[in-house]
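Among the features that TrEMBL reports, domain 'DYW' is placed at A:551-643. Residues or ranges marked as repeat 'PPR' by TrEMBL: A:108-138, A:139-173, A:206-236, A:237-271, A:305-335, A:336-370, A:473-507.
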Amino acid sequence: MRTISSKVVKKCITRPPPLLLSNTSLTSMASFNVPNQNPSSLIDDFTKFCCQRDLPRAMQALELMHTHRIWADCITYSELIKCCLARRAIEQGKRVHVHLFSNGHEPKAFLMNMLINMYVKFGLLKDARDLFDKMPERNVISWTTMISAYASAKLNDKALEFLVLMLREGVRPNMFTYSSVLRACDGLFNLRQLHCCIIKIGLDSDVFVRSALIDVYSRWGELENALRVFDEMMTGDLVVWNSIISGFAQNSEGDEALGLFKRMKRAGFLAKQPTLTSVLRACTGLALLELGRQVHVHVLKYDQDLILNNALLDMYCKCGSLEDANAVFVRMVEKDVISWSTMIAGLAQNGYSKEALKLFESMKVSGIRPSYITIVGVLFACSHAGLVEEGLYYFHSMKELFGIDPGREHYGCMIDLLGRAGRLREAVDLINEMECEPDAVTWRALLNACRVHQGVDVAIHAAKQILRLDPQDAGTYVLLSNIYANARRWNDAAEVRRAMDNRGIRKEPGCSWIEVNKQIHAFILGDKSHPQVSGINIRLNQLIHKLMGVGYVPDTNFVLQDLEGEQMQESLRYHSEKLALVFGLMSLPKGQTIRIRKNLRICGDCHLFAKLIAKMEQRIIIIRDPVRYHHFQDGFCSCGDFW
DNA sequence: ATAGGGTTAG
C-alpha cells in the first residue's frame, strides 16, 4: 500500500466514513468501473491523474469520490481546474465546481478565485459573477479577476464601478488591479485620476502598469504623456518598448516610432513580432519601401506569423509594390480575413480593380467569410474602376450574401461610385436614405464626386455639411471659397475666407517625400531649403518647356480639381510632387522606379505632368496620395484618370 | 489564484 501524505489524511478524516475497500488502484480498475475503492488510494489516483493532467481519468476519479463523499486537498483541485482551463473543458469545470460545493461548507477563497477565473476565461461572465457574489470574503484577487473580466469584455463602466466598490469594501488594489482597470478607461478624465492614484501609492514603477498607462495615453492621442511615462522607466522592458513604439505607429507618427525603434536596438533589446509589426506599420505610413524591405529580412525569422505577414502585405501594398505583396501572399500558409481584405484593398487602391474583384472571388472559394472591411475594399474597387453595376449588386446584396449591414464606409464608396458615373442625383438620394447619420467623411465623398461632374449646388451643400461637422477642415474652406469664386459669388467667397481666418485655420502646405540613397527628401510648397533647389527648378522649367512643345498645356482650371489649394496660377509649376519628381529624375539611376508620397491629393495638372514625363523619360512613376496610388507608365495612369 | 505589446477601410 502506498503512503498517503498527512495532509490528505487530515482532509479525509473530516469526511463521512469510507466504504468497504479493496486495494486495487483505479488505473487497473478503469475498465471494470466498479466503485469499491479504498478512499486513500482513490485520492492518490486522483492526485496522480491531476498532476499528469490526465483529465478523463481525473474526472472519473472525481465522480467516484463524489459518490463516496470523499474530498481531496485544495492543491489537487487547483491542478484539476488548471487542467480544465487548459483543455477548455467547460462541462468538466462545472462538475468540479459542483463537487467542491457539495461538502457542506465553502471552498477556500483561492479555489473560489480559481473557479471565478475559470468561468471568466470560458466567457461565462454571469457564472463568474454569481460565484463572486457568493463569496463571503473577497480578496484583492477576486476583485481583480472580475475587473479584468469586465475590462476584456469592454464593459468599461462595470470595471470602473467594481474598482469603486472594492475600495469601499476596504480592499486595496495592487498593480494587477490597476493594469487591468486602466484598459477600461473610457476617457482622459478617468485616466488622469487613475494615474494620480497610481503615483500616490507608488505603483507607477511596475512595468505592467507602465505599459498599460502608455497604451491608454496613446489610445487617447496623448503621446507626450505616453512618452513621459516611458521615459521615467529605469529598468527597461521589452513590452514597454513595444507599447511606446506601437503608440506612435498607430497614431501615424511613423518618424517617432522609427526613432524609438533605433533607441530600442541601441539599448540592446531584440525586436520580436509585435515590435516588427509596429515598425512595418510605421514604414507603411511613411511609404518607406526600402526600410520595409530591410524589416522583411527580420520577419523571415518568424516565417509564418500571421499578423506579421499581414502587416508585411499591407506595407508592400501601401508602398506601391504589388509584386512583393503578391509574393508574400502566395507564400503565406495561413491566410485570414485580414490577409484577404488587405490584398483586395491594396489592389484596388493601386488601380487594379479587376484583379481585386477576382481575388474576392477566390476568397469566397477559399471559404473565408468576408467582413465589413472586405466589402469596403470590394466597393472601393468597383468605384475606382467605374464598375457601377457590379458595385450596386454587391451593395444591395451584401446583407443577404454575407450578413453585413451597409455602414458609413459602404455608403461612402457608393456615393463615390455614383458620383463618378455622373449619377450625382442618385448619390444624393443615397446619402438621404442612410440609416446612420452621415459624417464628415461621407460628405467629403459627395463633395469629391462633384469634382468630376461639376455639381456646384451639391458641392456647396456638401462643403457646408463638412464644415458643420469638422470646422477645422482647411481644405474644404479653400475649396468652398474657390467654388464661390468660380460662380462669381465674390461676397460668399470672401466670407468663407473670413470665417477661416477668424478661426485661425491655415491650409497645410503641400508636401512630397522621396527616398534617395536611404535618405528621405522632403519638398514643401514654397520652401526653398532643399540644397539642390535651383538645379531642380532649372530642370523643371526645361521639362515643362519641352512638354509644351509636344502640346502640354498647364491645367489651370483647378477650381473643383486642385485640392492642394490656394496657389496662384504660376505656382502650380512648383507643386511639391513636381519638385520631388524632377529630383527623382535627376538622382535615381535610369530605369529605376520613382516613388513619391504626398500629404494632399494630387492635382489635375501634376497628374497630367507625371503621365507625360513617364512617357517622355521612359520611367515608371508611383505617386501615393492620402487616398490612393497612381502608377504612371508610358503616358497612362493606373487610376484611369479617375481619383 | 489576479495584469502587458502586433494586422485590414475611412
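Just so it is clear, glycine is given a Cβ too, placed from its N, Cα and C backbone atoms.
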Would you mind listing the long-range same-chain contacts of the repeat 'PPR' (A:139-173), meaning Cβ under 8 Å and 6+ residues beyond its ends?
109-110, 112-113, 116-117, 120, 125, 128-129, 132, 180-181, 183-186, 190
Grab the same-chain neighbours of the repeat 'PPR' (A:108-138) for me: Cβ-Cβ under 8 Å, and only residues 6 or more beyond its ends, written as numbers and ranges.
74, 77-78, 81-82, 84-85, 88, 90, 93, 96-97, 100, 145-146, 148-150, 153, 169, 171
By DSSP, how many residues in the repeat 'PPR' (A:305-335) are helix, how many strand, and how many coil?
23 helix, 0 strand, 8 coil
